[in-house]
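Quick one: structure below, then a few questions.
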Amino acid sequence: MRVEHGHGHGHHHQVDFDPTATAPDHHDATPHAGRAYRIGIGGPVGSGKTALTAALCRALGDELELAVVTNDIYTTEDADFLRKAGVLAPERIEAVQTGACPHTAIRDDITANLDAVERLEEKFPGLDLVIIESGGDNLTAVFSRGLADSQIFVVDVAGGDKVPRKGGPGVTTADLLVINKTDIAHLVGADMTVMTSDAHRMRGDLPVIAQSLVDTPDAPAVAAWVRSLLPTRTR
Amino acid sequence: MDLAALIIADSRFPGGGHVHSGGIEEAVVRKLVVSERDLPAFLLSRLRTAGALAATFAAAAAHATTREVRSGHWRRLDAEFDARTPSQAQRAASRAQGRGTARAGRVAWPSPALSDLLGECPRPHHPIVLGVLVGVPHDAAMAAAYLAVSGPASAAVRLLGLDPFQVNAVVARLAEPMREVCAHAADVAGHDPATLPAPSSPGLDLFAEAHAAQHEEEVRLFAS
Ligand SMILES: Nc1nc2c(ncn2[C@@H]2O[C@H](COP(=O)(O)OP(=O)(O)O)[C@@H](O)[C@H]2O)c(=O)[nH]1
Ligand SMILES: [Mg+2]
């Protein structure tokens, strides 16, 4: 049976619907794959989460078995960007739909993200690292410890130099705070000294990295921080 | 009502339900649901079809935990649900929620029945896991029937910015048909799986298929 639908956007999609193809689903036992280290990258929309993810793939792709889960509200947007950037094989990127609630999907109900991580672990046994990029959210969004082993919160100078001072769990508790786009600080009138000292004051001993992905496209400081988290590998 | 049923029916339950819209995202995209006024018809028909099927299988699974069942029973029950769910996209959505519910359930309510189920079906359908976790047929049916309408109702609020009080009232007014659906599910819960009722909604099946197909090209915020 083939049904054509129009739905007001002026174009049509075919729906394949073949009831004879509906034998009971298969139940292959899930091979228990090893567990990869999981890093969550959160922060407001546009702060540079996808750009940082791409930078980390470039910096670490040769030394680690990597995969990425993206949660952009426009689900495939980030995944498409990463595929086009060519920094990671497309089959190593999973896009997750968050039901219009990006913070729920990384914190209160992490099921969809865990499923995506586990799919990648099953597909690529021996995976070292999975980067989970949250859909852009506000300053209160954090990853559940059940989903991410460590988390990076990314803010940018364009959001104003008061952002670190505002605090919120993202800024105060993330394992690493990245202040991104330092290359445009002078254009938006952001005072980097204020931003970094506020960030350190809010975070106590937790690390802060100010960077520009225009000046340093491979995010060397963040990549070094990620390396320091992973168990040393013999390859 | 058993606490397990309340916890599983709660939208805060971390079983992955919040990323599924029960077909209403597709109905919204097609402008078939545009306001609070369109919700009762959508939800009532969902309750009487997909909801009744879920309630029936949840009750049957709960009933099976209260008696001796032969090895292979869970697999048969799961296959009977497959047979009543011709849309691949609907089956995938049900299995995704089943897997999420099982993940949460293994931590909160481990039991021999749950281990048997997952041994026979590593990714069981959602209503079957739900029934095993709740263990009381009528309560399991209530949780399944309620989730079948509360999921799309809250998705509609998020997609259309509907008035949450109006939407909540629409769900509350489904009490009587929901009681009927659940009473019937509990009545047949002990029957042979092959003879269980097979309510279905071709419209929802097609919505689910269209949702999955169109996600490739256009934005869909929900997984189903
Ligand atoms: N000038 C400048 N632009 C950047 C930098 N990092 C990212 N961007 C740009 O900021 C925009 C948003 O970045 P994106 O990674 O998509 O943000 P996300 O929404 O947090 O994932 C894109 O146009 C990036 O090219 C940076 O360090 N400097
Ligand atoms: Mg992004």
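Every residue gets a Cβ built from N, Cα and C, even glycine.
Unlike curated records, TrEMBL annotations are generated automatically.
As listed in TrEMBL for this protein:
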REGION    A:1-34  region 'Disordered'
DOMAIN    A:39-209  domain 'CobW/HypB/UreG nucleotide-binding'
BINDING   A:Gly43, A:Pro44, A:Val45, A:Gly46, A:Ser47, A:Gly48, A:Lys49, A:Thr50  GTP binding site
With the cut-off set at 10 Å between Cβ atoms, which of these binding-site residues ends up with the most neighbours? Options: A:Gly43, A:Pro44, A:Gly48.
A:Gly43
Should we count any of the binding-site residues A:Pro44, A:Gly46, A:Ser47, A:Gly48, A:Lys49, A:Thr50 as near ligand 2, judged by a CB under 6 A from one of its atoms, and which?
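Only A:Lys49, A:Thr50 qualify.
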Neighbours of the GTP site A:Gly43, A:Pro44, A:Val45, A:Gly46, A:Ser47, A:Gly48, A:Lys49, A:Thr50: Cβ within 8 Å of the Cβ centroid, same chain, sequence order.
A:Gly136, A:Val154, A:Asp156, A:Asn180
So what's the mean pLDDT when you look at the domain 'CobW/HypB/UreG nucleotide-binding' (A:39-209)?
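For the domain 'CobW/HypB/UreG nucleotide-binding' (A:39-209), the model's average pLDDT rounds to 92.
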Have a look around A:Gly46 (GTP binding site) and count the other CB atoms within 10 A of its CB, chains all included.
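Summing over all protein chains shown, A:Gly46 (GTP binding site) has 15 other Cβ atoms within 10 Å.
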Any same-chain residues 6+ apart from A:Val45 (GTP binding site) with CB under 8 Å of its CB? Would you list them in sequence order, or say none?
A:Gly136, A:Asp137
With every protein chain in view, how many other Cβ atoms are within 10 Å of the Cβ of A:Ser47 (GTP binding site)?
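That number is 24.
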Could you tally the C-beta atoms, other than its own, that fall within 10 angstroms of the C-beta of A:Thr50 (GTP binding site)?
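Counting Cβ neighbours of A:Thr50 (GTP binding site) within 10 Å gives 22.
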